[in-house]
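Engineer: This structure is in structure tokens; I'll ask about it shortly.
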Amino acid sequence: MRLMSAVTFTLLSAVICCSLTEKLPNASPPNIIIMLMDDMGWGDLGVFGQPSKETPNLDAMAAQGMLLPNFYTANPLCSPSRAALLTGRLPVRNGFYTTNGHAKNAYTPQEIVGGISKDEILLPQMLKKKGYVSKIVGKWHLGHRPQYLPLKNGFDEWFGAPNCHFGPYNGSIRPNIPVYNNSEMLGRYYEEFTINRKTGESNLTQIYLMEGLDFILRQTKDRRPFFLYWAPDATHAPVYASKRFLGKSQRGRYGDAVMELDYSVGQILSWLRTFSIENNTFVFFTSDNGAALMSGPKGGGSNGPFLCGKQTTFEGGMREPAIAWWPGHIKEGSVNFQLANVMDLFTTSLALAGINPPDDRILDGLDLTPVLLNRPHTLQSRPIFYYRGNELMAVRLGQYKAHYWTWTNSWEELKNGINFCPGQEVPDVTTHEQKEHTQQPIIFHLGQDPGEKFPISVLTKEYQNVLSMISPVVEQYKKTMVPGIPQLNMCDMAVMNWAPAGCEKLGKCLKAPKSEPWKCDWPH
């Protein structure tokens, strides 16, 4: 394991700084860092109005860069949104969805058989064309069987885990999740990598920070362009933080986790300045989906003024905090209201690297460099598509959003205490059965009504005008949409993390049960 103490990093930074500051020119293409948080909400940052103001480093990052208040994910759940980021394609195109139930969200639990399709081209594979070295730190979540892991999909290095940090589990029924260093496991969550479920204490975020800093140091020393995909998961329930941060937030344990992530972002940006490569490093901060309100108040975040949260296609489920930072290139303190999506990071990263995007497939991500670099552009009118599983639930165009289907979660789940919209019920909008509105969509003006509480009356001229504007866009889109082969339909207890590569050296191999595949059951 490549972990370093703070003292070691301080000494190394002094050596590297002295040797590189005068010699290292502004290289082209730029380094790329994408920071993807887990279940962090739009309203969790001070710069977006969080009243406790406990994110000083992220707030400073926004002040030094660009804030994007209209930034979206491609799905209200973790695995599909991560697949969309790395492929530049909607989950319904790249196969990260299920057909086992209409409008059902699906992800990659331990028992999932599938993973990212071999037919997809991931961002690190493309970046190799310009000599980039790529590393993922943290959560992968695109399939945990050997053929789906990061080093099989373009990444050169990996430190992290293939699944969520659920557990602890009894190894005879369900194994604990492995933590990998590149292609071999180093141990498992709740065993070698402890997470105290009672106190919330864990050093994982600090380990992920050190891995990120070490990668930057090595690539800077070797003068190689790098792509760092930094994906910590401390804000996903069960939330955790290291001892230094526990009990420090006004917001409880979730706030402690946010404070530690904010500190870590500050350390990474400071590290770039230490090596004088900040002007040649593009950094983007966002989240995979909205805050998990069902885990609140202690284990979930805030979606600010927006309706509902994770798992839903209301604004709280898919509008994300987003900050772009590139000193000397992105204007300090800028705010841009361009409609943007996590899939745009694929196309934008390729543009920054000077690489043409693949021309043998439809890409849903757009190049945001004109927006980020304040150049003339015509992206403002692009639509945002809100998917839940295999169904197009809603579409945003300009300030207007039309819901063609509404659903939060079932009455049965609600009776069992699972609520995706606690305290936010809107009659005939936050429905507990799937309701179709394709003939007469529910339309909101998000500028005037960001909380989606006041549908525009169908009797008004405004409604008819909006409908006539959005309908052709949706019709044309549906004509050209060809879904990919669904990858998240089959489950099997035998494919869980029983014996990952490297388990023999550690004496951590477990016996898998007999293979008995079944169609996965996705409740919501």
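Placement of Cβ uses the backbone N, Cα and C atoms for every residue, glycine included.
Sharing the record's features from TrEMBL:
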type	residues	note
SIGNAL	1-21	signal peptide
DOMAIN	30-355	domain 'Sulfatase N-terminal'
MOD_RES	Cys78	3-oxoalanine (Cys)
ACT_SITE	His141	active site
CARBOHYD	Asn203	N-linked glycosylation site
Engineer: In sequence order, what residues of the same chain, 6+ apart, have a Cβ less than 8 Å from the Cβ of the residue listed as 'active site'?
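Structural biologist: Set apart from the residue listed as 'active site' by at least 6 residues yet with Cβ under 8 Å, we have Cys78, Ser79, Arg82, Tyr107, Thr108, Pro162, Asn163, Cys164.
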Engineer: For Asn203 (N-linked glycosylation site), just count the other CB atoms lying within 10 A of its CB, please.
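Structural biologist: Taking every protein chain into account, the count is 18.
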Engineer: Run through the Cβ atoms and count how many others sit within 10 Å of the one on the residue listed as '3-oxoalanine (Cys)'.
Structural biologist: 27
